[in-house]
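Quick look at what TrEMBL lists:
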- A:41-62: transmembrane segment (TRANSMEM)
- A:102-120: transmembrane segment (TRANSMEM)
- A:150-167: transmembrane segment (TRANSMEM)
- A:217-237: transmembrane segment (TRANSMEM)
- A:243-266: transmembrane segment (TRANSMEM)
Amino acid sequence: MANTPAEYIQHHLQNLVFGSHPVNGWSFAQNHEQVKEMGFWAIHVDTLGWSVFMGLIFLFLFSRVAKHANAGVPSGLQNLVEMVIEFVEGVVKDTFHGRNPVVAPLALTIFVWVFLMNSLKWIPVDYIPGLAHLMGVPYFKIVPTADPNGTFGLSLGVFILILFYSVKVKGLGGFTKELAFTPFNHWSLVPFNLFLEILGLLTKPLSLALRLFGNMYAGEVVFILIALLPFFVQPVLNVPWAIFHILVIPLQAFIFMVLTVVYLSAAHEDHH
Amino acid sequence: MNINLTLFGQTISFAIFVWFTMKFVWPPITAAMQARQKKIAEGLDAAGRAQRDLQLAQEKAAQTLRETKEQAAEILDKASKTANAIVEESKQQARSEGERLLVAAKAEIEVEVNRAKDQLRAQVAALAVAGAEKILESSVDAKAHNDLVAKLASQL
């Protein structure tokens, strides 16, 4: 493990990377230099592993309820699941006015998955990396949403859907026309419009991903900083910060979901 | 803070999760919820109807009860009137019967008395005759006379 505070922080913020190293071939990176040398052709095993694990928990719980869903008196888990679904359905109905069978399940997936990934932050920062260290794994960072790859992966999916539905609803011509002739409906301003609109379009996934990443990363850093303090000070700061995250974690999941629905709603709106 | 292949891994798993949710999670649960909603609405509806029915039935029952009470009172009234009339009539009959019996008895007694009187009269006459005959035919004997007179007297 690390010795100086800087090394400790760096260690906790480094993912476990498996990639193609120019010298070692496909292998786990043992230090920062190797990570840098691997470049793009690498995978954050911890981010992917934990996010898929959380996604599977979500699917397991919800599909179990779905399998036994009936109109009788709901009990326990079914109540919880139905509450979440009702909540998501309400948000989607209020925000999204088109007819699209993908949007509501998409929103549900985002909300629950992001919530579960965020909630990994409640696990004390040293537990999992410490355990991994004992087993000889050099790095282990468990919160997938504190990794830009995780959040951009999500927003990239959303961005593809925005483009897909924009083209599907408005047609390729209609979509291009919308990009070229709004906000200023004059031929001389087409380049300016294009610049503005494409920038706006690209901002959507960027803001989605960076908002979630920024919040989770900053929270993580604060947890790590608190962990550096003497042990008798830690609970005083750690507990309020963790309690504060009862608000932050669902809120960020909710924001990601709502913005996704809003963006998709805008993609379905035809102004011409 | 380095972007790498994880990005696409995450996007792919995201797509798979969304697909799975869309296919196997969302439709059955929302369908069940809608079915339950409908069931509850129907149940509430039925409950409302039942309550209305109950109210109607109660009103009807109350009215029937009221009518029945009135009828019962009427019947009682009529019955007591009839009973009074019967009693009155019986009394009247008894009285007239009594009077009739009395009159008949009196008449009979009178007839009996008359008959007795007639018999007595006849017997007295016969006795007087017999006495006289005996007095005239037999020897006068004070003692015998006395007996005869006493006999006569006891036969009167």
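Each position is counted from 1, following the chain as shown.
Glycine residues also receive a Cβ, built from the backbone N, Cα and C atoms like all the rest.
No curator has checked TrEMBL annotations; they are predicted automatically.
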Taking A:41-62, A:102-120, A:150-167, A:217-237 as candidates, which has the most Cβ pairs under 8 Å with the transmembrane segment (A:243-266)?
A:102-120
For the transmembrane segment (A:102-120), what are the same-chain contacts with Cβ under 8 Å, counting residues 6+ beyond its ends?
50-51, 54-55, 57-58, 62, 84-85, 88-89, 91-92, 96, 142-145, 150, 154, 158, 161, 212, 216, 248-250, 252-254, 256-257, 260-261, 264
Using a Cβ cut-off under 8 Å, which residues of the same chain at least 6 positions beyond either end of the transmembrane segment (A:41-62) come close to it?
15-20, 28-29, 35, 77, 81, 108-109, 112-113, 116-117, 120, 139-144, 147, 149-150
